[in-house]
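Trainee: For 9-125, the entry in TrEMBL reads domain 'Gfo/Idh/MocA-like oxidoreductase N-terminal'. TrEMBL lists V16, G17, R18, A19, S44, R45, R46, S77, S78, S79, H80, Y98 with the feature NADP(+) binding site. Here TrEMBL flags 133-243 as domain 'Biliverdin reductase catalytic'. Taken from TrEMBL, the feature Zn(2+) binding site covers H280, C281, C292, C293.
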Amino acid sequence: MNMSPKRKFGVVVVGVGRAGSVRMRDLRNPHPSSAFLNLIGFVSRRELGNIDGVQQISLEDALSSQEVEVAYICSESSSHEDYIRQFLNAGKHVLVEYPMTLSLAAAQELWELAEQKGKVLHEEHVELLMEEFAFLKKEVVGKDLLKGSLLFTAGPLEEERFGFPAFSGISRLTWLVSLFGELSLVSATLEERKEDQYMKMTVCLETEKKSPLSWIEEKGPGLKRNRYLSFHFKSGSLENVPNVGVNKNIFLKDQNIFVQKLLGQFSEKELAAEKKRILHCLGLAEEIQKYCCSRK
């Protein structure tokens, strides 16, 4: 990345929860990619005035401002589609936290809109920038999978805000697809006890070579955030990932990728492969949701 940018892209951050706060911190720190970006303000439904000297601005002003060229969408998942559409229509580049949308059709439509407008639409996938994923990728390469499973546990999550579990947990699905290629759905079940804020989604998938993969999301009070995996290959097994160190600056690594896209440093081939993977995962998530809902 060239260290001396000829120009800076004006950025507004929409939503200042956990991800939005990290994004604002990264934008203000002296990193190579941040040198290409200028944080102009943030948009929030709460009245916050300013955060560490960064001004709150209205959504209307962010959309109409000539200064704002980029929007970081860090709000809850249910609002992503609407924000992406508004900012693309206003001629802005968009970075959005996963999942981009809660339906495949909406994602396809927004990608077409971005292409029409000549704008970058980038969906963040920090889980692919984690040390654990890099370790797994190395371990899995060239091996024949016999069967595998991935279980994720965490505290409760509101479906109204974050989408059906196949969407709110799409980073796990992205891991599986990135490791083993495109997958197809065999079956899925959802067990829910709303009064206890408990849910368990069990998904049976298979690889193109018909190897079975199970993916389970279990959420409820008292469940610690944890990932358990088990992959069996012809040449041996992998049970859980050793502690491979801290995931440092994963949002910043994602920002670097976004800036490379703004600067036209990604090949058409790389962009097409990424888009194909993202749409495949969103399509699978939607299929899982339909399958579970049809069984109710």
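Cβ atoms here come from the backbone N, Cα and C positions, even for glycine.
Thinking about packing and proximity, how do these listed features fit into the structure?
Mentor: DSSP places the residues of the domain 'Gfo/Idh/MocA-like oxidoreductase N-terminal' (9-125) in helix, strand and coil in these numbers: 47 helix, 31 strand, 39 coil.
Taking the Cβ of R46 (NADP(+) binding site) as centre and 10 Å as the limit, one finds 7 other Cβ atoms among all the protein chains shown.
C281 (Zn(2+) binding site) counts 30 other C-beta atoms within 10 Å of its own C-beta, drawing on all protein chains shown.
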Trainee: As a test of the contact definition, list every same-chain residue at least 6 positions from C292 (Zn(2+) binding site) whose Cβ is closer than 8 Å to its Cβ.
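Mentor: C292 (Zn(2+) binding site) has long-range Cβ partners F164, A166, A188, T189, L190, M201.
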Trainee: Other Cβ atoms within 10 Å is the metric here; tell me which of the binding-site residues R18, H80 scores highest.
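Mentor: Neighbour-count leader: H80.
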Trainee: Do me a favour and check the Cα-Cα span between S44 (NADP(+) binding site) and H280 (Zn(2+) binding site); whole Å is fine.
Mentor: 31
Trainee: Within the domain 'Biliverdin reductase catalytic' (133-243) only, compute the mean pLDDT.
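Mentor: Here the mean pLDDT over the domain 'Biliverdin reductase catalytic' (133-243) amounts to 94.
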Trainee: So if I measure Cβ to Cβ from V16 (NADP(+) binding site) and keep only same-chain residues at least 6 apart in sequence, which ones fall under 8 Å?
Mentor: M24, F42, S44, L48, I51, C74
Trainee: With every protein chain in view, what's the tally of Cβ atoms within 10 Å of the Cβ of C293 (Zn(2+) binding site), excluding that atom itself?
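Mentor: Result for C293 (Zn(2+) binding site): 11 neighbouring Cβ atoms inside 10 Å.
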